[in-house]
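Colleague: According to TrEMBL, the feature transmembrane segment maps to 43-63, 75-97, 164-188, 200-225, 245-262, 283-307, 350-369, 396-417, 423-448, 455-473, 527-548, 594-619 (among others). The region 'Disordered' annotation in TrEMBL covers 680-699. Per TrEMBL, compositional bias 'Polar residues' is recorded for 690-699.
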Amino acid sequence: MHLIDWMIIIVSVLTVLLIAGTTRKYMQGVADFLAAGRVGGRYMLCIAEGIAWLGAVSIIAGFETGYKAGFTSLWWQQIHVPILLLISLSGWIIYRYRETRALTLAQFFEMRYSRRFRIFAGILQWVAGIINMGIFPAVTARFFVYFCNLPLELTLGSVTFPTYWLVMFFLLISALTLLLFSGQIGVLVTDFVQGSFTNIGFVCLTIFFFFFMFGDWSFIVDTLIDDNPEMINPMLTNKVEDFNIWFYLIAGFSLVYNHMAWQGSQGYNASAKSPHEARMARIIANWRGVPNMVFFAVLPICAFVYMNNPEFSQGAEVIQQSVSENVDNEALTNQVKVTLAISRMLPTGLMGMFAATMMLASISTLNTYMHSWGSIFVQDVLIPIRNKPFNAKKHIWALRGSILFVALFVFCFGMLYKQTEDILLFFGLTGAIVLGGAGSVIIGGLYWRKGTTPAAYSAMIVGAVLSLGKIILDQEALFTKLRDYMISKMPATVSSINSYVSNHFPDIIEKHGMFESWLRIPINGQWMFAVAMASAILTYIMVSLLTCKGNFNLEKMLHRGKYKIESDQSTREKPQRGLKIFGVTEEFSKTDKFIYFITIFWSMGWMAVFLVGTAYALISGNTTTMGWAKFWQLQFWILIAVSVIVSIWLLIGGIKNMIEMFSDLKTLKRNDLDDGRVINSHNLSDEAKPTSNDGSQGQ
């Protein structure tokens with residue numbers, strides 16, 4: 001990398017650190033540390049939460065998917081369009097969750113179920129979260145080692161260690177610096193800045209690769225069409241292993257079932273000014289994803305072209321040799337290939353911009369996730385078990401200590417864990433520890449009066465056991481020990497099972513091997529996720545119906561009717577119930593209505609293209625791979641143009657929100673009891689008057 005590239009990285013990181021320093025003075029209470037005082041605006045929340053969910057590890061995961069599936073992954077992702085649209089327009093889960101005024105999901109669990117279930121769910125979420133996060137810094141650090149052409153190993157005295165350990169340490173320290181002093185306020189502000197920079201970087205890099213890298217669209221098409229037509233033609237997607245239509249169908253169901261269940265960015269769920277503002281942030285998020293979508297499609301395909309077109313054979317051979325010599329883990333092969341290919345294609349300046357984009361995306365995700373999992377341990381495990389409140393100062397220091405532990409754990413996990421499958425499949429599997437059952441517990445708790453505490457326990461346990469079992473058996477050392485133990489202690493049983501499997505499932509044995517076909521569970525993480533969700537849903541419904549002794553008071557938990565809190569009420573009417581929840585109510589301003597309808601038009605337009613295109617291709621069979629190539633070219637033209645407009649729009653709106661946020665924090669009346677405690681199924685803070693910044697009671 002050139003000096004200019006290094007300067008771009010250094011200046012961007014230092015700028016974010018300086019901005020974080022300015023937010024420290026605004027953090028004056030527990031609710032500020034956990035939920036940014038609940039004064040976040042829609043644009044700021046939209047961008048910040050978007051980059052928090054994205055992260056460098058998700059970018060690399062997107063590259064893995066794109067390198068395998070090509071453009072066709074974009075086609076099948078259109079299945080998610082109407083789902084995401086209905087979720088965002090209806091305020092599905094987020095509206096009712098914000099009405100509860102819970103600071104964490106497990107706090108809501110105590111309000112709805114019991115304190116013991118809050119502790120149980122908090123532990124389960126925390127364990128699943130830090131395991132899921134464990135590969136974040138390691139994957140990102142390996143990216144920087146290969147992208148920046150750093151030595152693979154370093155020697156300090158007589159000790160030799162992998163370079164990515166040092167890069168992991170730098171990433172975690174940077175994220176902690178942003179986080180520890182001002183909590184969610186600092187996370188929200190810096191993630192907005194990093195997200196805005198990332199959007200601009202995505203647009204610039206996409207334009208370079210699409211228009212200037214190869215000079216002609218046909219160059220890309222010709223490389224793919226002969227040997228890999230399934231990367232252009234979605235009707236051939238059955239040839240794509242793992243990331244085929246079933247992957248996207250399962251993901252689509254999970255979008256509804258598990259909306260907000262994964263608490264990696266739980267601070268954002270409670271940070272909005274009002275339930276309506278949270279809803280609008282979700283609606284605008286339909287636009288935020290446009291620059292990401294086209295970026296994830298174009299870059300890995302260009303890397304694939306570089307690795308497979310004869311014109312670049314010399315560079316591809318160097319990359320292939322480097323991968324063969326230095327990567328002994330099949331799951332990391334495509335990560336490294338794409339990384340090295342991109343580093344060879346980018347010119348000076350853009351290489352620095354790409355590295356800075358990845359750096360900021362990584363830091364934003366790390367600080368958000370460390371804040372979430374650290375907060376969840378204190379709020380939902382430590383304090384309920386302790387059963388005695390901290391004062392505000394000790395409470396914040398407990399949160400900081402928990403966050404430091406999370407950082408230490410993921411650093412050690414990144415050093416020791418051997419990745420055995422693609423990132424997205426690992427995410428699906430580790431996420432299923434919680435997500436298998438959490439969706440049932442959340443939806444049942446917010447929308448069904450008959451959901452019970454025994455049902456909540458049962459659903460969470462079923463989902464966790466199925467997922468943890470596969471994680472354990474996927475580790476070679478543990479699998480080998482279990483296999484050897486069974487052979488030595490239960491030879492007759494093993495022989496009978498082998499005989500049955502051999503007779504009834506010969507194709508599976510041929511692909512996976514004898515023991516893997518039944519002991520290791522020969523399905524990927526996404527399919528195990530589906531099994532866990534289905535099992536948890538059935539369990540929750542059946543146990544609830546068997547144990548329900550009376551309806552739960554949802555109105556009190558949601559602060560509706562006589563239980564309402566005036567500070568949370570909009571000056572307009574709240575959305576009506578039933579089917580009218582999908583319409584525009586008095587709660588929407590003229591600007592809100594415009595955003596609402598243009599979002600519907602955009603999303604449903606692409607959905608119509610998907611339905612018509614799929615039906616025509618399946619019925620007529622007349623579509624050609626070259627025809628699909630022309631379609632992708634036209635779509636990318638449109639998406640790139642929209643990406644430019646969206647990036648500018650969200651940046652302007654976010655800056656306005658940030659100014660308003662700082663103004664609100666200066667005058668915000670704090671409540672020392674607003675710390676996540678629950679008494680008799682409602683928030684303790686509901687019974688107390690807010691205090692001003694000097695600690696006096698507000699009028």
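Glycine too: its Cβ is placed from the backbone N, Cα and C atoms.
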Colleague: Same chain only, please: residues at least 6 beyond the ends of the transmembrane segment (200-225) with a C-beta under 8 Å from a C-beta of the stretch. Say none if there are none.
Modeller: 70, 231-232, 291-292, 294-295, 298-299, 301-302, 304-305, 308-309, 345-346, 350, 353-354, 356-357, 625-626, 629, 633, 636, 640, 643-644, 647, 651
Colleague: Counting Cβ pairs closer than 8 Å, which of 43-63, 75-97, 164-188, 423-448, 594-619 has the most of them with the transmembrane segment (396-417)?
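Modeller: Comparing 43-63, 75-97, 164-188, 423-448, 594-619: 164-188 has the most Cβ pairs near the transmembrane segment (396-417).
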Colleague: Which sequence-distant residues neighbour the transmembrane segment (283-307)? Criterion: at least 6 residues beyond either end, Cβ under 8 Å.
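Modeller: Tertiary neighbours of the transmembrane segment (283-307) are 42-43, 46-47, 49-50, 54, 59, 62-67, 70-71, 73-74, 77, 84-85, 88-89, 199, 202-203, 205-206, 209-210, 213-214, 219-220, 223-224, 228, 231, 315-316, 319-320, 337-338, 341-342, 344-345, 595-596, 599, 602-603, 636, 639-640, 642-643, 646-647, 649-650.
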Colleague: Top stretch among 43-63, 75-97, 245-262, 594-619 for CB pairs under 8 A with the transmembrane segment (350-369)?
Modeller: 43-63
Colleague: Per the 3+ Cβ pairs under 8 Å rule, pairs at least 6 apart in sequence, do the transmembrane segment (245-262) and the transmembrane segment (594-619) touch?
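Modeller: They do not touch: fewer than three Cβ pairs between the two stretches lie under 8 Å.
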Colleague: Do any residues, 6 or more residues outside the transmembrane segment (423-448), come within under 8 Å Cβ-to-Cβ of it, and if so which ones?
Modeller: 57-58, 60-61, 64-65, 93, 96-97, 105, 108-109, 112-113, 121, 124-125, 127-129, 131-132, 135, 139, 242-243, 254, 257-262, 335, 455-456, 459-464, 466-468, 470-471, 474, 524-526, 528-529, 532-533, 535-537, 539-541, 544, 554
Colleague: What else in the chain is close to the transmembrane segment (527-548), if you only count residues 6 or more beyond its ends and a Cβ gap under 8 Å?
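Modeller: The answer is 246, 250, 253-254, 257-258, 428-429, 431-432, 435-437, 439-441, 444, 448, 450-452, 454-456, 458-460, 462-463, 466-467, 470, 521.
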Colleague: Taking contact to mean three or more C-beta pairs under 8 angstroms, with sequence separation of 6 or more, is the transmembrane segment (594-619) in contact with the transmembrane segment (75-97)?
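Modeller: Yes, the transmembrane segment (594-619) and the transmembrane segment (75-97) are in contact.
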